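Copied over from TrEMBL:
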DOMAIN    235-546  domain 'G-protein coupled receptors family 2 profile 2'
TRANSMEM  234-259  transmembrane segment
TRANSMEM  271-290  transmembrane segment
TRANSMEM  328-349  transmembrane segment
TRANSMEM  361-382  transmembrane segment
TRANSMEM  417-439  transmembrane segment
TRANSMEM  491-515  transmembrane segment
TRANSMEM  521-544  transmembrane segment
Amino acid sequence: MDIAVSAVATISQLLNTSHEMYTSVDHDAISELTKTLQKLSLRENSNSLLVQPNVAVQSLKMQTPIQNVQLTSLKGQSDFFLPARIKLNTGHAEIFKDNVDLQINITLTEDSNEVVGFVLYNNDQFFRSKSFQPSLDTERKVMSANIQENLKFEVMFTVTPSAVSTLSLNDFACVFWSYTKNDWSTEGCTKITSPSGPAVCRCKPVKNRNGNANENANFAILMAFDVNYQYSEALHWISITGCALSVVGLSVTALYQIITRKSRGGSPTLLVVNVCISMTVFYLLFLFGINNPVEHVNVAKMSGENIVPESDHHKYSDQGPCTAFTALLQYFLLLTFTWNTLYGINVFLLFKNSVSGTPSWFPLVAMAVGWGLPAVIVGISLGSTYRVEEPLGYRQEEFCWLASVDHNQKFSIKKPMFWGFVLPLLLMLISNTAILLHFSYKICRTNPNLNKCVYFGTRKHQLSTRFMGKYFTDNTLFLFRSRKTSLKKKMMSSFSLAVMLGLSWVTGYILMITQEKNLKFILSVVFCLLNTTQGVQIFILFALRPFLNSNPAILNYLHAPEIGFHKKSFFLWKNKIPESNDSYKSTDGDSP
């Protein structure tokens, strides 16, 4: 008896190991182990029960001839087997009861007083199937019903599905383990539809080629589940309003940039217009295509056919336009940030080559990279993850966007959301942030040695005056006598560049890594406001502001009346020459 207890305890520990441990284990050795447990359950001890957390062995030596034997494992706070929760009944009993985890009922064709044995496995680690490949963290309990070889019997059993709120039963199959095929088989098993429970099976053990039916006595119910998706609701009116205003603002900005292109040159116009076009299309796709129009209602279909499912996750083939919208959203959002990055590179090149300006090859390279790089990323994402029969490898089901979480609802770096969007976006944001810091440093640093002020109309003028500092905007070069540019203008220049570079998405990255609930909520609101109104920000900074600067008469109507005061300067020394307060500023408001 002590040897049997030790053996069952060891087997229970083996069942508690990870799935990966069994990939290299000899299947014949595992088969011999399960057969040994079957023989152990048929020992002569009357009503003997051996229970370990992951395996239970029940033996019954019938004192009087009986025809029905039932073994029930009740539910508890844990998923492990406990002696107090395992009940044996030798009379005919209803197979369904409340609080039942699993139940198996052996019905003999005639009264007998032979030994009956049961083996309960808490999982299917010893029964690794080639045809059934689970992908969810669900457990399949296996029941072994054993009796003398010369007796005919049938088995009726049920298993209660796991009470997981995110899953619901779609269908199931009644199977037994075939040692000949080394896999699950449905031969001799039928499904029973009953209002008392969702998964009920009846099986008649099938004899193998040696005529031994007892080798085919391990039964299970293979269940396929639907994931209970929480489909996204319709967009809030705040999001709709922000996106609509952004579409209008971007359209006006693009039109303004095209009309006034002669005043600033080709490269800035090309970059800003492409940013506006890509963002406009993205906002329109977001408004009309982010919600999945095809919702799968999780209703257990319970087909009458007893077929082994391919997986414990029931998957729907691709339906509707959601995948197309996901690909377009990914493309145009990547397109937006690619053009934002190219805009930053253009600013960097202007600082580096302030006299010669942007290289002549830059516009052609910008067009190729701007439109081509996002297409390559989207193509790789679709080609490596999308299948018509399994679209959720590429996109999500709740709404039309890239797949980002695994079946445990945890963010996964294996999903296309990470390497097909987050990683490229992170690299672009890092470069954009570096360009912004470089730009801010250049325009904000002061040099006390600057004492000359020279204006050059175009880049072609030769510099005949010694100077220590310069500021370049499009086709016009200004040399300032001092760096006493107003703090407001410096901040506005940096803010304009930050908006164009899309740095509001830095908030999105902080939102992804933060865990504090209140901070997460605040960042969510800020992120939503910044990104739904980014088009409005670009309109104000790159269309409205330069338009008002070039038409000061409009601002005069908006200014409040001013009261003039007389001002006169006095000097204590006769030869004191008042310091000139003349200053010059660029009227080209399109530059950052």
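Cβ atoms here come from the backbone N, Cα and C positions, even for glycine.
In TrEMBL, annotation is done automatically, which means it is predicted and not curated.
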| note | Other same-chain positions with a Cβ less than 8 Å from the transmembrane segment (521-544) and lying at least 6 residues past its termini are 238-239, 242-243, 245-250, 252-253, 256-257, 272, 275-276, 279-280, 283, 492, 495-496, 499-500, 502, 504-505, 507-508, 510-511, 514, 590
| message | Cβ under 8 Å, sequence separation of at least 6 from the ends of the transmembrane segment (328-349): give me the contacting residues as numbers and ranges. | response | 267-268, 271-272, 274-275, 278-279, 281-282, 285-286, 289-290, 358-359, 362, 366, 369-371, 373-375, 377-378, 381, 400-402, 420-421, 424-425, 428-429, 431-432, 435-436, 438-439, 497, 500-502, 505, 592
| said: Below 8 angstroms Cβ to Cβ, which residues of this chain, lying six or more residues outside the transmembrane segment (271-290), approach it? | reply: 232, 235, 240, 243-244, 246-247, 250-251, 253-254, 257-258, 321-322, 325, 328-329, 332-333, 335-336, 339-340, 342-343, 346, 366, 370, 399-401, 500, 534-535, 538, 542, 590
